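Some features that Swiss-Prot has for this protein:
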type: ACT_SITE; residues: 156; note: active site, proton donor/acceptor
type: BINDING; residues: 16-19, 39-40, 63-64, 90, 156, 160, 191-195; note: NADP(+) binding site
type: BINDING; residues: 252; note: Mg(2+) binding site
């Protein structure tokens, strides 16, 4: 622990598993106070307890697509830990279908979480953190799928590409208005998560050098450490940028 995030107060959506949990863990390790969110209370409470006590981390049940719930989430976080300085919009879902085969219901559900949820968190984050001298940072989780197309991820591609460009717009607006709020995107490649563990042969397939030139997939902490940097004052001149962590996938 080096206290890189001492004095920071962060909200991490989808923070109960995988990448989100790793981000929350590293944030606390580096001195931040954190609220993680998720849809399932039992999973969320267990996740928070695995990281630390209620003096440093708490769980709030919240669906990122619930617009009204965002204000309550900020209020609850600030009552517990003080002014929010950092928002990590990490919550997301996937539908493995082509554009042709994706139903309207599937399309709207995915975008409600992956895009609307990020929009709600970004908008309210700006409104609540601007002009306060907090060194505020909004970190929006996109994906390598925000850069390249995948024939079986039509809706997911759309959502992650939209997050990438929307974040640039927000970053420019905040910079030009001297809000002291930075907005950046993180683009994971293939990462070892519970979902990957549950899919037989998935890790081996993703580790092929034609997909990941480094020959192995990443770990959640590979993404978490990038987020620590972006949440810290070390990244005070970084905004509107894309941070790709993919073992060389998009360099091909």
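Glycine residues also receive a Cβ, built from the backbone N, Cα and C atoms like all the rest.
In the three-state DSSP scheme, residue 18 (NADP(+) binding site) falls into the helix class. Cβ environment of residue 194 (NADP(+) binding site): 17, 18 lie under 8 Å away, each six or more residues apart in the same chain. Taking only the Cα positions, the spacing between residue 90 (NADP(+) binding site) and the residue listed as 'active site, proton donor/acceptor' is 14 angstrom. The binding-site residues under consideration are 16, 90, 252. Their Cβ neighbour counts within 10 Å are lowest for 252.
On its own chain, residue 63 (NADP(+) binding site) has 39, 69, 113, 117 as residues at least 6 apart in sequence with a Cβ closer than 8 Å to its own Cβ. Reduced to three states, the DSSP call for residue 252 (Mg(2+) binding site) is coil. Residue 18 (NADP(+) binding site) is surrounded by 20 other CB atoms, counting those within 10 A of its CB over all protein chains shown.
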